[in-house]
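Take a look at the structure below.
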Amino acid sequence: MSAVKKALDLMKAEEVEYVDIRFCDPRGKLQHVTLIADLVDEDFFEEGFMFDGSSIAGWKSIDQSDMKLIPDASSVYIDPFYAEKTMCVHCNVVEPDTAEAYSRDPRIALKAEAYLKASGIGDVAYFGPEAEFFIFDDVRYSVTPAKVAYQIDAEAAAWNTDAEVEMGNLAHRAGHKGGYFPVNPVDEAQDLRGEMLSTMKRMGMKVDKHHHEVATCQHELGLIFGGLTEQADNILKYKYVIHNVAHAYGKTVTFMPKPMKGDNGSGMHVNMSIWKDGKPLFAGDKYADLSQEALYFIGGILKHAKALNALTNPGTNSYKRLIPGFEAPVLRAYSARNRSGCVRIPWTESPKAKRVEARFPDPSANPYLAFAALLMAGLDGIKNKIDPGPASDKDLYDLPPEELAAIPTVCGSLREALTELEKDHDFLLAGDVFTKDQ
């Protein structure tokens, strides 16, 4: 049965009233327009929907504003929050006169997957992102000619041990950097995260766990690995669910990498593997039971890490996180199990689970662009046999200053990242996956 037929059958079975067509803007934000379900038939999935591209930041000028959304029928799901039964579908953006993919559509991740197959290196790339976030009770900000400020607060925050609370301060709080894995009542968000995970499961997402993270008010939910574009779609759904469930509880969520000074920031560690002919390409007999191809893949990521920062760490706040300490992976080194380098090989007994984890990305990244860029860097490493050098199995932050100074780092600012991308972007242009217009 075709994807379109399945989508139309879902509409009928669920008695759908509306269809929400969604797409991703250059910043990684989900956008949408809602249509009466009566307008959606088989032709709609082929003909698409026209919209004003000049109203999306970074896209068209007003004199060339017409653009078209083409729904991807394989991406449909029922929205869990709308009052009226609504089916959602993610879209690709195309030029209306040529029907060609729009060069600035973040869903170029599809082209990266096609490039992998065409290269002969592998058939499929699997991605497992781990996006952390903070939950607060109160967030205030002000940007005026006289003041620029923001303020955050949460009853569960470590700084509220002496706060006056209406029903009494029960003192069940994790201390500074003490948030990792405590049970309730210290972990006060257990049920909130559980509802988030259950909602994702009802939407058809593959999930596996949830827990409190190290920093005060910091959390993480687990996505089971999937294809590159599928997981980029899932990160958008992940954020959508987390924001909306928290909102229903009277709380607010931020995926900002470093919302407060002096505590751990939020990363989006990205686990990656490549399979070919039904077999894991990264399993072998080299360091940490990796294959030579996996080591070359790591070499590509380490070589291009500074250019990648422009896409995996795209905001000024990203570089408040990428500083020594706070478990931040600023050093361009790799290791098995060692979390102080920017690439880690998680321990596993199963060859099928052998993977590479890039630790420097953060959840402010556009997932389509970040995942596609990471894959392109790794494939460049395999194609050009880029040696990653020896692994670093020590705690790199405990090295003597002279040894630490010899280890290269990721970028320290967005300005540096953009400069590095300008100098090093040819690997992204291979197969026309990215364009200079991107």
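Heads up, the Cβ atoms here are built off N, Cα and C, so glycines get one too.
Under the DSSP three-state reduction, E213 (Mg(2+) 2 binding site) is assigned to coil, being neither helix nor strand. Taken from Swiss-Prot, the feature Mg(2+) 2 binding site applies to E132, E213, E220, supported by similarity to another entry.
Annotation source Swiss-Prot lists L-glutamate binding site at N264, G265, R321, E327, R339, R359, citing similarity to another entry. Its own atom aside, the Cβ of G265 (L-glutamate binding site) has 25 Cβ atoms within 10 angstroms in the protein chains shown.
The annotation domain 'GS beta-grasp' is assigned in Swiss-Prot to 14-98.
The annotation domain 'GS catalytic' is assigned in Swiss-Prot to 106-438 on the grounds of sequence analysis.
Per Swiss-Prot, O-AMP-tyrosine is recorded for Y397.
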Original post:
In angstrom units, rounded to an integer, how far apart are the Cα atoms of E213 (Mg(2+) 2 binding site) and N264 (L-glutamate binding site)?
Top reply: 9
Original post:
Counting only other Cβ atoms and using a 10 Å cut-off, which of the binding-site residues R321, R339, R359 scores lowest?
Top reply: R339
Original post:
Hey, does DSSP put N264 (L-glutamate binding site) in a helix, a strand, or just coil?
Top reply: coil
**OP:** Select the closest residue to Y397 (O-AMP-tyrosine) from the following binding-site residues, measuring between CA atoms: E132, N264, R321, R339, R359.
**Re:** R339
